[in-house]
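The structure appears below as structure tokens.
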Amino acid sequence: MLVSYKWLKELVDVDVTTAELAEKMSTTGIEVEGVETPAEGLSKLVVGHIVSCEDVPDTHLHLCQVDTGDDELRQVVCGAPNVKTGINVIVAVPGARIADNYKIKKGKIRGMESLGMICSLQELGLSESIIPKEFSDGIQILPEGAIPGDSIFSYLDLDDEIIELSITPNRADALSMRGVAHEVAAIYGKKVHFEEKNLIEEAERAADKISVVIESDKVLSYSARIVKNVTVAPSPQWLQNKLMNAGIRPINNVVDVTNYVLLTYGQPMHAFDFDKFDGTTIVARNAENGEKLITLDGEERDLIADDLVIAVNDQPVALAGVMGGQSTEIGSSSKTVVLEAAVFNGTSIRKTSGRLNLRSESSSRFEKGINYDTVSEAMDFAAAMLQELAGGQVLSGQVTEGVLPTEPVEVSTTLGYVNTRLGTELTYTDIEEVFEKLGFAISGSEVKFTVLVPRRRWDIAIQADLVEEIARIYGYEKLPTTLPEAGATAGELTSMQRLRRRVRTVAEGAGLSEIITYALTTPEKAVQFSTQATNITELMWPMTVDRSALRQNVVSGMLDTIAYNVARKNSNLAVYEIGKVFEQTGNPKEDLPTEVETFTFALTGLVEEKDFQTKSKPVDFFYAKGIVEALFIKLKLDVTFVAQKGLASMHPGRTATILLDGKEIGFVGQVHPQTAKQYDIPETYVAEINLSTIESQMNQALIFEDITKYPSVSRDIALLLAESVSHHDIVSAIETSGVKRLTAIKLFDVYAGNNIAEGYKSMAYSLTFQNPNDNLTDEEVAKYMEKITKSLVEKVNAEIR
């Protein structure tokens with residue numbers, strides 16, 4: 001929002017520097033982006049009256065004699081196409097500075113002396129987008145009353161100061177000059193004084209000419225007025241100046257009046273050429289799918305049913321709240337004007353303007369909110385201006401459909417509530433002074449008071465909003481600084497937080513790097529690596545298909561990360577994530593999923609790269625399994641690894657499930673080569689472990705056992721076995737032998753080859769025995785070994801070597 005300081009001072013008596021005002025507004029809730037002066041850097045620019053203008057033969061140049069208030073006429077050579085005798089222009093005399101700090105000097109053009117330069121607004125640094133189209137390709141023509149020799153700054157309001165405000169959505173009331181004036185008046189304790197117009201209506205009724213119908217619940221109110229016998233012409237210079245300083249291009253007096261009212265009241269308006277209507281009934285309705293409309297910018301718009309249009313004779317003539325239609329555009333020959341002032345649903349306008357990429361000053365205000373209280377007043381103000389500036393005759397009455405609430409909103413609170421939240425000791429009198437500055441009526445007492453909030457401040461609805469207003473106007477800098485007095489409770493980590501930290505320590509100690517992947521994925525990937533897939537929880541309105549379902553595993557997202565890195569030549573990767581997966585056992589549309597904390601890692605490439613003295617070492621199953629084992633050693637939990645051939649997307653010969661007390665808590669293994677090919681990644685090993693289940697085990701109390709003073713005894717045993725027998729099978733056979741004093745089983749050798757029959761292998765184990773209360777004898781150990789040997793022979797058909 002660009003605010004003219006000259007214009008602001010017409011609405012409220014404020015006499016401070018713009019720097020001070022900017023600082024004050026920023027500290028009370030409306031951020032000021034900056035302050036600019038259009039005249040900054042410009043100098044020696046005066047009004048010139050062209051006494052004579054002669055064409056230079058065989059050129060586009062003109063030799064002008066210009067009165068600049070000096071004793072003699074000034075000769076200036078000008079190439080502008082619209083220069084002519086009798087007009088007032090902008091003259092940069094020798095020594096003047098124009099845009100880009102360019103200095104004007106005396107010179108000769110085609111042998112003709114030129115004592116200055118006749119300037120366009122572009123040459124003064126004004127943007128092309130705000131310059132009237134009739135002057136966009138030529139020089140600026142000043143009003144007839146301009147006095148030669150006077151500085152041009154006051155004529156064009158270039159000496160104004162423009163304050164740029166950054167308006168947040170909750171303070172859309174400041175998207176108008178009246179709204180800003182109310183804010184400044186409250187800050188400085190001043191009164192606003194707004195211009196009032198005396199509207200004279202004809203006896204002829206507007207309702208006899210047109211009718212209004214609302215056919216959409218997205219249209220809250222629609223009002224129309226008719227002004228006849230208007231003369232379309234350029235606006236007076238003062239109006240053009242105000243619009244240009246606000247960043248709006250002047251068009252003609254009719255369109256400029258609607259834009260002036262937009263800036264003044266924050267009420268978007270539109271003007272139709274009534275003579276171009278094919279009917280007399282104005283209908284505000286939803287568009288039809290496939291309906292088309294050519295807007296004022298000349299673009300044909302394809303409409304959908306969610307768009308709002310203004311239609312006459314079932315033909316759209318405007319895109320409601322966004323832009324008018326070309327078919328009813330105000331032109332130089334327009335005589336009868338229909339003024340529109342309406343309130344449309346902000347969400348609908350935002351969707352339409354966003355879909356069509358068509359943002360406008362009107363759509364911006366409808367999106368953020370409109371002051372219901374001044375819709376009718378703004379309409380009458382615009383009609384009165386057309387009387388003044390276009391000689392129009394206003395037909396009697398507004399034709400209105402829809403009723404808007406205009407009564408103030410009542411919000412109640414207590415003095416104690418205010419002081420508790422601000423840490424102040426304000427009195428009821430202090431509160432009254434604040435709301436008097438804001439222009440809000442207040443009644444009640446220190447026990448409880450009620451504030452009548454005018455409709456212009458639609459952001460205030462609850463007592464917390466009142467507290468904010470009190471703090472803003474009273475002054476944030478006046479609020480006392482105190483330390484919190486509430487008693488503190490010593491905090492501690494939850495069991496899951498402790499577990500996560502211990503897992504993170506092990507993972508990073510193993511050289512893994514933490515990543516965070518998306519919790520949303522495709523429905524297929526959501527269950528791809530799940531050991532027990534549940535119902536899929538899908539979003540009703542996903543942003544993309546790739547992010548439409550809550551994951552039930554982390555591995556699939558981690559493989560996407562692996563693929564992304566491998567595609568960029570980063571092939572040695574070791575990553576992990578501690579995150580949630582979402583299991584849904586109920587109805588996904590009615591029940592929330594269960595969040596399960598998991599630890600997942602992925603390895604690919606080389607553990608060690610080749611150098612002059614060592615060979616490269618690729619990642620394998622045992623390296624991945626070793627990380628898992630290191631984790632459970634750190635957690636002091638005993639787990640069992642069981643070969644798993646049926647896990648989807650995993651290699652059937654290099655995958656194991658992880659059991660804790662007989663319950664499956666995860667898996668570790670190689671991604672199936674076909675799955676790896678789908679992800680376009682090399683050989684990769686992954687593991688996923690359920691931390692939520694582990695947490696419940698971690699909470700069990702530990703029982704202390706005395707450290708025994710008696711030594712342990714070890715025995716080795718070598719077995720000849722079929723290749724199909726796994727390490728787990730052997731350990732299970734040993735553990736089920738019934739030997740109570742067995743404390744450790746360690747595999748220290750595996751061999752297959754020479755002297756071993758085909759289809760067989762040799763495995764050697766070290767078995768440790770210990771009695772915590774006495775020394776073991778050789779006879780006892782021999783009995784234990786006999787039991788173990790018998791169990792191995794019976795259960796896995798082992799041959800003792």
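In case you wondered, yes, glycine gets a Cβ from its N, Cα and C as well.
What Swiss-Prot says about this one:
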type	residues	note
DOMAIN	39-153	domain 'tRNA-binding'
DOMAIN	406-481	domain 'B5'
BINDING	ASP459, ASP465, GLU468, GLU469	Mg(2+) binding site
DOMAIN	708-801	domain 'FDX-ACB'
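If you take the C-beta of GLU469 (Mg(2+) binding site) and look for same-chain residues 6 or more apart in sequence within under 8 angstroms, you find VAL434, PHE435, LEU438, ILE460.
Neighbour count (other Cβ atoms within 10 Å of the Cβ, all protein chains): 17 for ASP459 (Mg(2+) binding site). Mean predicted confidence for the domain 'B5' (406-481): the pLDDT average there is 93. With DSSP classes pooled into helix, strand and coil, the tally for the domain 'tRNA-binding' (39-153) is 13 helix, 49 strand, 53 coil.
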